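Visitor: Pasting a structure below so you can have a look.
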């Protein structure tokens with residue numbers, strides 16, 4: 001099995017194959033991807049759709065000398081397999097295993113790290129310009145999907161690239177949202193070869209030289225050319241950016257891909273190749289439902305993904321989706337906004353019930369935030385459902401367009417904290433730190449499902465921008481109360497009180513997901529636990545009260561320590577004039593790799609065992625409780 005694939009340990013071996021062997025190789029590679037992902041979980045549909053394109057790129061271009069940048073990067077499993085990582089695929093997205101995205105420190109073939117969308121053209125352009133300046137004759141190649149192509153950053157890069165006449169840049173649009181009928185496919189195969197050929201390029205340049213003496217005639221000739229292309233191919237928009245547009249061609253047809261890429265390799269200046277592929281190609285179940293098979297867990301390929309048993313605990317995403325529908329039922333001003341994450345953010349039901357108030361703005365986080373600001377300015381109640389890691393992309397809009405004008409936009413921040421298999425690129429480690437420093441912001445962290453629901457309702461009542469953060473996955477099992485009640489603004493609650501005498505009293509100030517492990521640790525230590533609820537406005541009175549009645553303070557958060565919730569507590573203590581030893585626990589000052597979330601939290605010392613150990617080492621074993629004032633960060 002996989003006899004041909006087993007001979008390919010790097011692209012050099014691939015390039016030694018006869019062209020007639022490439023389709024059998026593609027069949028083996030697709031089968032290997034399916035078999036591998038079914039055993040580990042991961043992204044499937046997108047990878048099944050890029051098999052032939054990946055083979056063609058490594059066959060035609062001299063990788064890694066020529067640089068391929070894969071936008072988003074979750075479609076790179078065939079690339080990883082062909083570049084020496086076939087035997088590591090069983091470790092995919094696991095602790096200590098290979099990443100599900102390109103990583104520069106994993107392979108020289110991963111020329112640029114990606115995971116967020118629409119960055120590839122900028123990176124490939126930078127590489128191509130560097131090649132031009134150094135004279136090392138390498139091609140910069142960006143492979144970008146039709147969804148990522150909608151983002152502003154992609155067009156900013158296109159606009160910049162179009163003025164670089166002789167830069168060795170190729171942008172490949174991997175369009176998997178349309179299909180080519182056989183007649184059109186045959187016509188476009190012929191057209192792509194024609195438009196990417198040397199004769200066409202030379203003739204085009206010659207006509208331009210002749211007509212340059214008569215600018216009106218040159219403009220007319222260009223318009224006629226665009227019109228001729230426009231009759232049989234889409235997207236002459238890219239010609240306006242200064243690219244030579246080629247395609248669309250069938251991205252599963254190696255006999256079309258390879259000669260077209262070989263022709264493009266000989267051209268200079270920015271080239272744009274439109275390739276049409278199908279998500280889930282070659283696996284009927286994924287072809288029929290590419291969304292279901294986008295990022296599955298382990299499954300039996302022969303049977304497909306079976307409906308999961310109803311879980312005993314709701315996910316926080318489900319809690320948000322139910323709340324949003326309930327809120328919209330009560331108030332016609334409630335608007336739901338997502339930047340291309342309808343399923344992931346739990347908004348499927350909202351779209352069905354309130355289609356006129358549902359807005360999927362595409363992969364455009366900056367626009368999503370300012371769009372929400374405009375709605376809020378006109379009296380609507382916009383709710384932006386966004387992953388923590390993607391909110392980073394709209395930070396200026398958050399400050400300039402929403403907070404500065406004190407507009408009441410609700411930010412429902414999903415995937416806060418560590419996210420597991422997707423790794424550092426998707427971790428929500430920084431939102432507490434970057435939100436709490438913004439004037440006019442209210443910031444809450446949910447400790448369980450019902451608190452999340454009530455916090456979202458509280459946020460909707462505020463006259464200012466408000467954020468509620470909650471983690472990926474299942475909650476704690478707490479039932480949600482249908483009745484929605486606003487929480488007292490900026491007030492935490494005591495969840496457990498110590499029975500220790502003076503001199504041994506420790507108070508743990510826990511935020512969001514860290515309340516549960518802090519309570520478990522407190523049982524071992526007999527410590528007080530406060531569920532702080534609000535990061536901003538912080539319950540400074542509660543912080544001061546606990547400091548006055550305890551001998552040491554511990555802050556615990558699933559976020560970066562520097563500038564985070566613990567820092568807010570230290571600032572409050574300093575302002576109150578009460579000094580106590582403080583231990584700040586949180587995510588370390590490094591990027592956390594992929595792996596099982598529970599194992600990652602344990603490795604960071606943020607499970608009950610780790611919290612207990614850190615407190616004992618800092619205070620109880622060292623005898624620091626009751627000693628001189630100090631602050632220590634454990635991260």
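Glycine too: its Cβ is placed from the backbone N, Cα and C atoms.
Pulled the feature table from Swiss-Prot, pasting it below:
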BINDING   74, 115, 116, 117, 147, 148, 176, 283, 365  thiamine diphosphate binding site
BINDING   146, 176  Mg(2+) binding site
Visitor: List every residue in the same chain as residue 176 (thiamine diphosphate binding site), at least 6 positions away in sequence, whose Cβ is under 8 Å from its Cβ.
Guide: 46, 49, 145, 146, 276, 277, 278, 279
Visitor: Give the helix, strand or coil assignment DSSP yields for residue 147 (thiamine diphosphate binding site).
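Guide: Looking at the DSSP assignment, residue 147 (thiamine diphosphate binding site) belongs to neither helix nor strand, so coil.
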Visitor: Which ones in the same chain are close to residue 74 (thiamine diphosphate binding site), with CB under 8 Å and 6+ residues apart in sequence?
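Guide: Sequence-distant Cβ neighbours: 43, 46, 47, 100, 101, 115, 295.
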Visitor: Rank the binding-site residues 146, 365 by how many other Cβ atoms lie within 10 Å of each Cβ and give me the one with the fewest.
Guide: 146
Visitor: Consider each pair of residues in 74, 115, 116, 117, 147, 148, 176, 283, 365, all listed by the record as binding thiamine diphosphate, and report the largest Cα separation in Å as a whole number.
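Guide: Largest pairwise Cα separation, rounded: 33 Å.
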Visitor: Which of the three DSSP-derived classes (helix, strand, coil) applies to residue 74 (thiamine diphosphate binding site)?
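Guide: For residue 74 (thiamine diphosphate binding site) - judged by DSSP and reduced to three states - the answer is coil.
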Visitor: Does residue 147 (thiamine diphosphate binding site) have same-chain partners at least 6 apart in sequence with Cβ under 8 Å from its own Cβ, and which are they?
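Guide: Same-chain residues close to residue 147 (thiamine diphosphate binding site) (Cβ under 8 Å, separated by 6 or more) are 117, 177, 340, 362, 363.
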Visitor: Mind giving me a neighbour count for residue 116 (thiamine diphosphate binding site)? Other Cβ atoms within 10 Å of its Cβ, every protein chain shown.
Guide: 21
Visitor: In DSSP terms, helix, strand or coil for residue 365 (thiamine diphosphate binding site)?
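Guide: Once the DSSP labels are grouped into three classes, residue 365 (thiamine diphosphate binding site) ends up as helix.
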